[in-house]
Amino acid sequence: MTSSLSRPSGRRADELRKVALTRHYTKHAEGSVLVEFGDTKVICTASVAERVPEFLRDRGQGWLTAEYGMLPRATHTRSDREAARGKQTGRTQEIQRLIGRALRAVFDLEALGPRTIHIDCDVIQADGGTRTASITGAFVAAHDAVSKLIAAGKLARSPITDHVAAISVGVYEGVPLLDLDYAEDSRCDTDMNVVMTGAGGFVEVQGTAEGVPFSRAEMNALLDLAQSGIGQLVQLQKDVLGAGHV
């Protein structure tokens, strides 16, 4: 896709920000990744607990769940910690449920066995796309946690069935764009988050017209952009994981 539009970032309409996935970023978690989408930076950890929630007791399967949060000064102005306020915001609950759903879509929970993988995504710097960056990085952290279970003889095979990644797209000044940063996201006419598997299946599509309703043609263009971008992210996941991955 080409366009005469000048994006605030200077990127092409179909160009991702610079994306980096740094594995083994923290010492203690079974899996940990620093994921960077431009100036958005998120630490994703995967921790294993040899137990399942009460609703899964004696069901012979495992579980994967996620939590999401932002450091107080991850954004332009400081926000109080949610723990200090005594409750999570609706946005936080929505995002962490999305992360959990996205990863469970590529897990065989019976093959995981009666254990839980806890995903924690902590935004240390936000410049748009924190939820999509979290999903993309959390997959790699979860993969590394599973690899440790296999190496320890606790799993005979990987319960991971495919890759999963996510990206934001939107209509900005009438032009469909891939991977919105904050300057674009805060001014776009349409904002959409797309989660897909490596095989090309859709896990979730969240799309909202911020002002001007979008057409079917614009929606199709956004989904095409998202599919292309997610394909690049899945390839990056494969590159950083190396041989022997899913």
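In case you wondered, yes, glycine gets a Cβ from its N, Cα and C as well.
These figures come from a predicted structure and were not determined experimentally.
For the phosphate site, Swiss-Prot gives GLY129, THR130, ARG131; the one candidate out of ARG91, ARG104, ARG115, ARG157 that the record lists there too is ARG91. Sorted by the number of other CB atoms within 10 A, the binding-site residues ARG91, ARG131 start with ARG91, the lowest.
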